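Accompanying notes for the structure given below.
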Amino acid sequence: MQEFSHIKDDRAYMVDISNKDTVVRYATASGKIKLHDETVEKIRSGDVEKGNVLATARTAAILAVKRTPDLIPMCHQIPITSVDVEFEIGKSDVTANVEVKSVGRTGVEMEALTGVSVALLTIWDMVKSAEKDNTGNYPSTAIENIHVIRKVKETITNQ
C-alpha cells in the first residue's frame with residue numbers, strides 16, 4: 001500500500017517541499033453542472049436576473065484558485081502565474097475548465113479543482129431561482145465529474 005506523504009504517526013502535517021526543484025507546473029481540471037434547458041438558454045442569452053453568470057463564475061474561479069491554501073489545510077501557498085477559465089455551454093449543462101500555472105515546488109491540481117468547484121457553485125447560486133421546484137428543492141440540478149484532466153511538470157531552461 002502506498003504511504004501518504006502528509007501523514008506521520010497518525011498525525012497530518014504539511015509536507016516539506018523546500019528541497020524540491022522549482023519547475024513550471026500546469027494543471028487543468030474540469031467539471032459540469034446539469035441544469036434545466038431553459039436555464040441554460042437564459043445563461044446563453046444573458047437573461048439571468050442576477051447578471052452575467054459566466055463572467056461572475058470566471059471571476060469566482062480565479063479568486064478561489066488564489067485562496068486554495070485558505071480552504072484546504074495541507075495546501076502550500078504557491079506563486080500562481082496564470083489562471084485560464086473556459087466554459088462550454090451544452091443543451092442542459094455547462095462545463096467549466098480551469099487551467100492553473102505556477103513556477104514552484106509543488107503541483108497546482110488542488111488549485112485547479114478548487115477553481116472548477118467554485119465556478120460551478122457560483123453558476124448554481126446565480127440561477128437557483130430558476131432551478132427550484134415548487135417545494136424549493138433542486139431535484140435535477142447537479143454538479144458532476146469534477147476531475148483533473150492533466151497535470152504537467154516542466155524543467156525550467158535558461159534562455
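For all residues, glycine too, the Cβ spot is worked out from N, Cα and C.
Here's what Swiss-Prot has on this protein:
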BINDING   Met74, Cys75, His76, Met110, Glu111  substrate binding site
ACT_SITE  Asp125  active site
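On the structure: features taken from Swiss-Prot.
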residue : record                 : CB count, 10 Å
Met74   : substrate binding site : 13
Cys75   : substrate binding site : 16
His76   : substrate binding site : 16
Met110  : substrate binding site : 22
Glu111  : substrate binding site : 27
Asp125  : active site            : 14
Secondary-structure category, per DSSP, in which Cys75 (substrate binding site) falls: coil
Asp125 (active site) versus Met74 (substrate binding site) - Cα distance in angstrom: 28
Rounded Cα separation (Å) that holds between Glu111 (substrate binding site) and the residue listed as 'active site': 21
Taking residues Met74, Cys75, His76, Met110, Glu111, which bind substrate in the record, the widest Cα spacing (Å, whole number): 12
Where Met110 (substrate binding site) sits in the secondary structure, as DSSP reduces it to three classes: helix
Among Cys75, His76, Met110, which are recorded as binding-site residues, the nearest neighbour of Asp125 (active site) by Cα: Met110
Substrate site, defined by Met74, Cys75, His76, Met110, Glu111: further same-chain residues with Cβ within 8 Å of the Cβ centre: Thr68, Pro69, Ile72, Ile78, Thr106
Reduced DSSP assignment, the residue listed as 'active site': helix
